[in-house]
């Protein structure tokens, strides 16, 4: 059963002494629910993105729409492919020897798990960087961040994620069937070889780095928006700043809560040179937490919009009976208005326009 001796049986070494037992009905139920909810959520998000792109064709919002579209499409295909393979494995009673004699299905499953795991994290960090540049440097964003550049960034992110996913195959290291016999990933049991540890640490470090970049850029964006809101005496844009800050907080909380357990678990397994102390139940729980991020992504990035916040505000004000904030202006998009307010506050021409009335009065 050694993968180095028999390529056709690569990845089956874990099947000899399985210590993780999962209840079939509950596991199938979780897989079907996750796949169905994820497909419906991302499909709805794609429909809303298409409608928004038809209504708003501003240059400032084109980059956001392209990145958001790439994110939800990636999540959609992730749920379709990974969910279909997982349901097939459960339906076949996890008999990998019968339907995976040449380790083809396990390799495809492992590649998809790595790609659809890292790609949304990379896209989330790219969206955070793009949003930070758009708020802090609106003039640079409007002139340099074109649709062509955004498409190039999307292509580079996808190619980099594909390269990371194919790296074990290029190195003739097969993906391993995990102890629960329900999914394939890097080797997580008896990790003693440096290359196996390298793959686990590479995956976890890249994921944690993407989360750190997202957290840092979103924090800078939130602070900038708060400063612009405090300096601006106009009512225009206050509700949009409020909407943007809510989105940033939701993005940071959901990404960190959902992905941190799985990334930290993989890092701990990779660091331990001897047999890992992480149990199969712990890894499965962390994996399901990470799956929830792909389900919540469209709701955070797309569906948490001004209409939803306005209805929540009305419900809250009706229950509490307190008038907190005046949200009477919701016509423009949050990104366009944030860029406009930031550009006006930073542009030197605004200062010259303010000095012209004073000079005319002096004359």
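Every residue gets a Cβ built from N, Cα and C, even glycine.
Because TrEMBL annotations are produced automatically, they should be read as predictions rather than curated entries.
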Do you know which of 3-23, 150-170 TrEMBL annotates as transmembrane segment? 150-170
Which bits of the chain, at least 6 residues beyond where the transmembrane segment (62-90) starts or stops, bring a Cβ under 8 A of a Cβ in it? 24, 27-28, 31-32, 34-35, 38-39, 42-43, 45-46, 49, 52-53, 56, 96, 105, 108-109, 112-113, 116, 119-120, 123-124, 126-127, 130-131, 134, 141, 145-147, 149-151, 153-154, 157-158, 181-183, 294-295, 297-298, 301-302, 335
Using Cβ atoms only, state whether the transmembrane segment (246-271) and the transmembrane segment (102-129) have three or more pairs under 8 Å that are 6 or more apart in sequence. yes
